[in-house]
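A.B. asks: Feature table excerpt (Swiss-Prot):
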BINDING   H7, H9, E73, D192  Zn(2+) 1 binding site
BINDING   H15, H40, H194  Zn(2+) 2 binding site
BINDING   E73, H101, H131  Zn(2+) 3 binding site
Amino acid sequence: MYPVDLHMHTVASTHAYSTLSDYIAQAKQKGIKLFAITDHGPDMEDAPHHWHFINMRIWPRVVDGVGILRGIEANIKNVDGEIDCSGKMFDSLDLIIAGFHEPVFAPHDKATNTQAMIATIASGNVHIISHPGNPKYEIDVKAVAEAAAKHQVALEINNSSFLHSRKGSEDNCRAVAAAVRDAGGWVALGSDSHTAFSMGEFEECLKILDAVDFPPERILNVSPRRLLNFLESRGMAPIAEFADL
């Protein structure tokens with residue numbers, strides 16, 4: 001069990017079923033020390049309003065010994081790497097994930113998908129690319145992994161991709177993990193929980209990493225401090241309340 005989960009959704013994304021309090025309770029039971037709530041960006045049909053993300057600044061940092069990161073799973077909007085996160089939203093958020101979602105950016109050819117993903121990586125606005133192994137969006141995996149390593153952006157291995165969504169992701173995710181390994185980049189593990197009961201579940205992710213002998217020192221979820229060091233290296237100010245996690 002890794003003590004950090006970086007991708008989950010609450011009832012604010014109406015196709016998910018748990019509250020912030022539900023996740024805190026599960027984190028305590030499962031030994032999760034730090035997690036990020038990453039509801040969908042506002043361009044998705046059932047996503048929260050942009051004020052939802054701005055108002056995350058009122059959240060407590062730590063509840064019952066569990067640290068809470070304020071995040072978003074933004075949508076890649078176009079080949080220029082624009083995402084549906086801007087202005088005051090950036091000021092309130094600790095963690096910005098971005099990925100392809102069909103209602104916002106339909107699948108294109110390999111070159112177009114790759115251009116959009118690399119532009120997003122190079123924008124400086126995101127920390128993690130979500131489910132880059134989605135088989136509906138063919139990409140140049142090597143080029144994406146090299147860009148991600150260059151710009152200190154992690155590529156996600158998403159546990160839900162092997163269980164509930166994005167069927168047929170296994171081969172692509174092995175290729176992503178191997179390319180990140182070779183490029184010297186970072187991998188982030190995400191449960192992509194839409195109910196609190198699955199938070200912290202990375203069993204399928206770990207099968208992928210084991211298959212390519214991925215170095216554990218390049219996995220962000222190994223400890224809260226590793227993840228926080230990564231975010232601070234990207235410009236996040238140290239969060240005093242997280243010092244003892």
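Cβ from N, Cα, C; glycine included.
Walk me through the surroundings of each of these features.
C.D. replies: In the three-state DSSP scheme, H15 (Zn(2+) 2 binding site) is classed as coil. Neighbour count (other Cβ atoms within 10 Å of the Cβ, all protein chains): 12 for H15 (Zn(2+) 2 binding site).
H101 (Zn(2+) 3 binding site) carries neither a helix nor a strand DSSP state and counts as coil.
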A.B. asks: What's the CA-CA gap between D192 (Zn(2+) 1 binding site) and H131 (Zn(2+) 3 binding site) in angstrom, rounded?
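C.D. replies: About 9 Å separate the Cα atoms of these two residues.
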A.B. asks: For the recorded Zn(2+) 3 site, whose residues are E73, H101, H131, find every other residue on that chain with a C-beta no more than 8 angstroms from the centre of their C-beta atoms, and list them by sequence position.
C.D. replies: H40, N75, I97, A98, G99, F100, S130, D192
A.B. asks: Which is it, of E73, D192: the one of these binding-site residues whose Cβ has the most other Cβ atoms within 10 Å?
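C.D. replies: Result of the Cβ crowding comparison: E73.
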A.B. asks: Of H7, H9, H101, which binding-site residues come within 10 Å of H15 (Zn(2+) 2 binding site), going by C-alpha to C-alpha distance?
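C.D. replies: Checking Cα-Cα distances against H15 (Zn(2+) 2 binding site), the binding-site residues within 10 Å turn out to be H9.
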A.B. asks: What is the total of other Cβ atoms whose distance to the Cβ of H40 (Zn(2+) 2 binding site) is within 10 Å?
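C.D. replies: 25, counting other Cβ atoms within 10 Å of H40 (Zn(2+) 2 binding site).
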A.B. asks: Do you see any of the binding-site residues H40, H101, H131, H194 whose C-alpha is within 10 Å of H9 (Zn(2+) 1 binding site), and which ones?
C.D. replies: H40, H194
